[in-house]
Amino acid sequence: MSCCASSAAIMVAEGGQASPASEELWLASRDLGGGLRQTELSVPNAYCGTCIATIEGALRAKPEVERARVNLSSRRVSIVWKEEVGGRRTNPCDFLHAIAERGYQTHLFSPGEEEGDDLLKQLILAVAVSGFAATNIMLLSVSVWSGADAATRDLFHWISALIAGPALIYAGRFFYKSAWNAIRHGRTNMDVPIALAVSLSYGMSLHETIGHGEHAWFDASVTLLFFLLIGRTLDHMMRGRARTAISGLARLSPRGATVVHPDGSREYRAVDEINPGDRLIVAAGERVPVDGRVLSGTSDLDRSVVNGESSPTVVTTGDTVQAGTLNLTGPLTLEATAAARDSFIAEIIGLMEAAEGGRARYRRIADRAARYYSPAVHLLALLTFVGWMLVEGDVRHAMLVAVAVLIITCPCALGLAVPVVQVVAAGRLFQGGVMVKDGSAMERLAEIDTVLLDKTGTLTIGKPRLVNAHEISPGRLATAAAIAVHSRHPIAVAIQNSAGAASPIAGDIREIPGAGIEVKTEDGVYRLGSRDFAVGGSGPDGRQSEAILSLDFRELACFRFEDQPRPASRESIEALGRLGIATGILSGDRAPVVAALASSLGISNWYAELSPREKVQVCAAAAEAGHKALVVGDGINDAPVLRAAHVSMAPATAADVGRQAADFVFMHERLSAVPFAIETSRHAGQLIRQNFALAIGYNVIAVPIAILGYATPLVAAVAMSSSSLVVVFNALRLKRSLAAGRGATPGTLIHSGAVTS
């Protein structure tokens, strides 16, 4: 199928067309660290599970490729590759040639592409042409069926042939190009049986016309193509509708911005050409093009895309802003801190597309089935033809039955069973403020029966307040703040905020996750953290969190803190209970503090004073007991248990390592994102199983009917197209059911009490 790429994209295909230079591909790739890079390519003529297997197989055969994944919904392939293999610098052009050798066009992905709209226009025009031709041929056929004489019948047959031929060539080019491309490279896809069926139907009709036969099936061949094109057009539209969350998010990024040069001159520059360090002017009413830091100006910023909150946030000099946020009231001068491809919007889009392309167990099964389905269909059609020839000896009837079998057994429904649900579910979760980093994570989340939550920053908002500052001397507070500067832990941040500006203390600094900070200075060894870490002993119990400042294990000061639970925490725990899920707390804080919070939230199982290793051990013990646990955590010390869990989640405020380790990231302050994500994932799993049942049930019923000769090619085309649309519409129920009956957002999910087991 031909698709028009943007002018920035250079097509790579057979026929000697120009391809991007190796250096261009290097610049377009993303550095992942560890000698790995990631490149995104568009593959506009990939349609089915066979295409996925072919492209991924061609790339994985390359020693430079670490992994490759095709996203059929966006028709893109993501390649993670090694910068060097055997001391030789990798040439990324090899990846494009490997794809082209399998018969697929490919070009560098450009965020500004609108090929989907062009394809939709081409499909609609093809539907119109085939529909017009089918209508006119049908009128001629009615005259023939009404008892026209032989000469008139032959004339009408020839007129029908002249109408059908160009219509099949023009409107059927989508199927013919794809089928020929597959056959030429020694493989099959779902368009091969369609092209065979349409061609055989037309060929048989032409043979009858030349031989002055009584019956011709030009109307059937063109009408068959008409219904097939309707199905493909609706499928394309439904996929686009399923991806509305991603396309809407992409539109939040402006095309460009005004860049201020050092000499004061201004230039409008495309967003892809903005580099870190550039000074930008963002006027009121404009969206922030890339992540940046405010150099001057004060304004209200709509950050709903970041945190889901409708209330504007005031930003001023020194504050950070994210790409896609809307500047409401005043002009801002920014310094870009990231390129467009590394900014917030690009990161979120990447997460959602990773969710779409994730290889969950069901999707692997569907892809494997679709890969072997096409050869099986051809064999079945051949056996059907041979069988009817042996039974009746009528070539025409045997051929018609074989054509019907070719059409009715198209694996479209099976290939769509999983990915379309993942697309809709990822979009639904995004609308609820939850980012999915891997499509398989939704499947794992639907299986959990236990939720283990960290305390500070997860069950609480992670902004503790120092409550006994009046009891601590300014000198000790300043010393503690100078040590706390080296940590992002919420308690360290609270000490810094209470002390004001503080210069970092000089010395050999070491942060021990789950314990505290140690600084070796000329005066001795300062420690700031838990009592056991700082002074090697226990102290009086209290219901407040504390941090001890010590010098050579001698206590200098005790800092006490209060932290507020996250909004809707208790309601979220109750919602988890209604889902039949047990809850527990994993915390490194003192037992009295954890017990008090657990009691207030109605959680009976809790663990206190745990090290990162002990948290992993608790999670492993739950797994050994047969439980599948979701771990929700935010800190550096939570990263090991997040990776060890069956599935994991972190708030957007989490430390970078925590967000990277988690499978889900929730953007809102409310903990209601947790039951919302579980409910959505469970419902998505139900729809996937339903889609499998629909696809398999369709084949179990339709294939025997076609083999027995009870379905004409036209009926087969209608049935095949309908099966694909049923699967897509069933997936779209996820949007309607959650919005109407199971909570439109995490907040309404909790307040309506709509979570059901």
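Heads up, the Cβ atoms here are built off N, Cα and C, so glycines get one too.
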Please state if N45 and D523 fall on one side of the membrane according to Swiss-Prot.
yes
In terms of DSSP three-state secondary structure, what is the assignment for C51 (metal cation binding site)?
helix
Calculate the distance in Å between the alpha carbons (Cα) of C51 (metal cation binding site) and D634 (Mg(2+) binding site), and round it to a whole number.
39
Composition by DSSP (helix, strand, coil) of residues within the domain 'HMA' (37-107):
21 helix, 26 strand, 24 coil
Mind checking which residues reach the transmembrane segment (689-708)? Cβ under 8 Å, same chain, six or more beyond either end.
362, 366, 380, 384, 387, 401, 404-405, 408-409, 413-414, 416-418, 420-421, 716, 719, 723, 726-727, 730-731
What is the interatomic distance between the Cα atoms of D454 (active site, 4-aspartylphosphate intermediate) and D634 (Mg(2+) binding site), given in whole Å?
7
Outside the topological domain 'Extracellular' (144-158), six or more residues from its ends: residues with CB under 8 Å to it:
205, 208-209, 212, 214, 216, 218
